[in-house]
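Enquirer: Found this in Swiss-Prot, in case it helps:
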BINDING   PRO32, ASN33, GLY34, CYS35, GLY36, LYS37, SER38, ASN39  ATP binding site
COILED    170-215  coiled coil
COILED    282-505  coiled coil
COILED    627-993  coiled coil
Amino acid sequence: MKLTRLRLHGFKSFVEPTDFMIEPGLTGVVGPNGCGKSNLVEALRWAMGETSHKSLRATDMDAVIFAGSGNRPARNHAEVVMSIDNSDRTAPAALNDADTLDISRRIEREAGSVYRINGREVRARDVQLLFADAATGARSPALVHQGKIGEIIQAKPEQRRRVLEDAAGVAGLHARRHEAELRLKAAETNLTRVEDVIGQLSTQVDGLKKQARQAIRFREVAAKVRKTEAMLYHLRWRDAQAEVGAAAEVHDLGVRQLAECTRVQAEASRIQADRASTLPSLREAEARAAAGLQRLINAREQLDREEARAKERVVELERRLTQFSSDVAREQQQAIDADAALERLDTEDVELREEILERVEKRSGVDERVAEADASLGEAEQLFAELTTQLAELTARRNQFEQSVRTHRDRLARLDTEIKNVESEIDRLSAETSGAGDLTELAEAVEIAQELLAEQEGAVQEAEAAQIAARQTLDGSRAPLVDAEKKVQRLETEAKTISKILNGETKNLWPPIIDGITVAKGYEKAIGAVLGDDLDAPVDPSAPMRWTDVGVQPEDPALPEGVEALAQHVTAPPELARRLAQIGVVTKERGNELCEQLKTGQRLVSLDGDVWRWDGFVASAHAPTGAARRLAERARLTDIENELEQARIEATAKRQALETAEADLKMAAAAETASRESLRGARREVDAARERFAAAEREVNRHAARKSALAEAQSRLATDRAEAEAALENAEAQIADLEPNTEAEARLAAVRGDIDGRRRIAAQIRAEAQALAREAELADKRLQAIAAERMDWQKRKAGAASQIATVEERVAELTAERAELENAPEVFAEKRSAVITEIEFAEADRRAAADALAAAEQAMSETDRLAKASLEQLSSAREACARAEERMEAARRRLEDVEREIRDMLEVEPQAAAQLAEIVEGAELPPLAEIEESLDKLRRDRERLGAVNLRAEEELNEVETQHGTLAAERDDLVEAIKKLRTGIQSLNKEARERLLASFDVVNGHFKRLFTTLFGGGEAELKLIESDDPLEAGLDIIAKPPGKKPQSLSLLSGGEQALTAMALIFAVFLTNPSPICVLDEVDAPLDDHNVERFCDLLTDMAKTTETRFITITHNPITMARMNRLFGVTMAERGVSQLVSVDLQGAVDILDQNVA
């Protein structure tokens, strides 16, 4: 089987249809980083059945579809097609009829992948097994993607065993063994569940047998209860009728008494109405008299209030006049005060203006004295400044020399300290350097941590694989569960529909006999045609039309010879036994022949529904009757219930499988999380070991550099100390050469005293000038205040005159009002006398009206008493009548309740209860209490039976049938498990034989290839960790030229890469794969090793039929290829493929040279 072409369309960056030809020899793929070279490898693996989107560098499987670019829209599908040359007919038998196999995988966005081989849709598993049998596949070591060399180097020995399995060609056996193990596990699970169900069914059979016996006893007790209930209800109905008659007689007597009381009450009401009509006019007259009297009393009270208000007004006027006199006196005094104040302010104004003129003359002389004092002080201060400058210069020089001396002394002291510190630091570094850690031990610790890291990475890969497998198992468990639940739902819906139809047809008082018939399948039309509407009749004795049990009689004629009775195919109540025994089942042809042999009452019927009767009546088959349809539906309902039970069992099993898969996925996820946490810990340990090694190395380098710097500092400090000593001696000599500054300080002190005297004089003169200025300012402010105060007093004087005029006007008004009020008492006395006279007359009228009203109300009260008494008698009569009517209605309701209970409980009319109780007319009946006691006893007997399953016999037959079916299924499962276990053992045996046979061959090729690639040295493969080759790990022991033997992880990067390549090529020589892809495996190699690598590739291409595809950036590797494909990205986000046939170019060049 040879791969010849790979066609991509819409896969990742290859948006346009692209053909990648895979020809014999070496094919190179080159191009810049990020242009899509690795997409070719991923397309090849994807078409071989890769299921992990992570290994394809995608966020999900839809991410392999072209997602669009700046100028290209996204695609909705992607497709990769591989063409395989099958001319040697090495494909599986089902596909071995074609010379060329086109294997395609197409994915629609959000719709999943579809696999096809030569246009026929197949499973992903079929494609994976096809490539696994050919020693290749999506996870084959022959497809060496970026980082694959590193994975082989870092892999655990158990993981490297996969290389041997590919060499032995047992990958397909592993897949088949895994599938068989899954089937074995499922079969064992099903066997356990079947055995559990069989045990449950056995328990149910025992229980149903007991329930069937209870059902028979229950029916007997129920019949007695029904008869006793009928007698009890009959007695209650008879008593209720008698109670209704007695209540009716009492009610008629009450009605007559009510009529008499109604007449008496009507007469009393008439008299009451006549007397009540005279009261309104008397009440109105009394009210008018009382209103007139009240109006006069109110007038008298109003007159008193007006007189009091007049007196209060006179007192108020007197008080206000007195107040106005005080206000006028106060305003007059305020005008006098204003005149005096204005005169005082004029005098003060004149005096202040004279003082201001005197101060102006005095101020001019003081200003001249201030100018003279300032000039004298300025001359003295200038001389003081000159002397101060001279003394400061002298002092500054002295201070400078003294500071220089102090500075040099401090420098000497600091240098001495630094010299001591440098010497101490040199001694300390010598001690620390002698105690520094051994870098070799730290390097070994780094290697140990790296080995642990490699083990943890292997554990993480195993956990990821386990999680992927668990997720695949979970995904595979969902679809069967959905199908099973849909099947259960469909069967439940059909069963409910049929049950509803059957129940809707039997909603009558007596269930028809058809409900008790069970017909063998295929005989529904026959029994429906021959019995027809007779099947709708019940067997209940109380029904007006019913079947009765007369039994098969000995004198009944036998059916014609060779005719089979319908009773043999029908299970029916005994009431139908005689009828069914006289009905024969024949074919249509025989029916026509035998119809003349029928005796009285006999019938023949065909399975299609043709009927022949003894009296010559013949009915041809027609559409199924209602009874036939009903029987068919009941048969179908039974089949559905059986199917539904099995479907529920299957759904439960699949649900448990899904739950188990979910639990396995959770465990796998937890294991992956734990392994990743361990990996992170191992990485932290590696980083810590590397950091410790780097820190120790940095510390050693720092000590060496520090020692060199301290030696330089020691030499520099010695030179600086000598310079500091010389500078100190020079500064001390300069201080000795300076003259003393005593004379300059004395002259400066004399000038300072003269300046202080002149400053005091100038200050006194300035203080005198400032006092004069302040006095002038105060005088100006006082003149302004006098002007404002004069204006205020003038306003007050004008206001007082105005207020006096206003008050005098108000006094005149109040005096006039007081004069008017002086005559008010005489006027009020006259008015009061007139009102009192009118009040006396009004009181006499009111008393007369009140007396007349009281007499009328007394008579009315007596009339009301008589009317109330008659009304009470009428009310009592009505209540008595109502009670009688209520008792009569209650008796009728009780009668109706008894009749309704009879209809509900006995399902007969009340008149038929006696017949149901088998009561003979005129017979003496037992007391009601005795019947109730007997009924209670029967009911207790029925209740002691508890919940009774009336369908126990039918359920018993169904469960026994299920038990037999499951027992047969259990035997089949046991046999299948034996076959599966035998098959798994056979596969394991074959895999071990192949693996051991290929190990020696691979090991021999590996030794030879290792020596070739390294130019010497030794290497070998070892099976470790287990005696079973299927569980053992593969370890690599290598000894490059000039080194001791060591494991793969301790080699250098280039050596590891060459060793891994030797292992991969050894596998090729053992079981050559149709294709080998090497994705930048030459990246860690130097030019010399690249030459060796290319020599080996060339040799492999010649000695095997494997077709090599090499993705590289190395120009040496490019030059050794037979052909090159270039991957470019001229348009952003879109890859294009171009090819160059290097061998053809060389041939053309050779021809031109020749």
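Note: Cβ is positioned from N, Cα and C throughout, glycine not excepted.
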Enquirer: Counting other CB atoms within 10 A of each CB, which of the binding-site residues ASN33, SER38, ASN39 comes out lowest?
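Expert: So among ASN33, SER38, ASN39, the binding-site residues given, the one with the fewest Cβ atoms within 10 Å is ASN33.
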Enquirer: In the three-state scheme derived from DSSP, which category covers LYS37 (ATP binding site)?
Expert: helix
Enquirer: Among the binding-site residues listed here, GLY34, GLY36, which has the most company in the form of other Cβ atoms within 10 Å of its Cβ?
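Expert: That would be GLY36, with the highest Cβ count within 10 Å.
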Enquirer: Starting from the Cβ centroid of PRO32, ASN33, GLY34, CYS35, GLY36, LYS37, SER38, ASN39, which together make up the recorded ATP site, report each further residue of the same chain whose Cβ lies within 8 Å of that point, ordered by sequence.
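Expert: Going along the sequence, the neighbours come out as SER13, GLY31, VAL1127, MET1129, SER1135.
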Enquirer: So, in DSSP terms, is PRO32 (ATP binding site) helix, strand, or coil?
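Expert: Reduced to three states, the DSSP call for PRO32 (ATP binding site) is coil.
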Enquirer: Which residues does CYS35 (ATP binding site) neighbour through Cβ under 8 Å, counting only same-chain ones at least six apart?
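Expert: Sequence-distant Cβ neighbours: SER13, VAL1127, THR1128, MET1129, SER1135.
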Enquirer: Using a 10 Å radius around each Cβ and counting other Cβ atoms from all shown chains, which of the binding-site residues PRO32, LYS37 yields the largest count?
Expert: LYS37
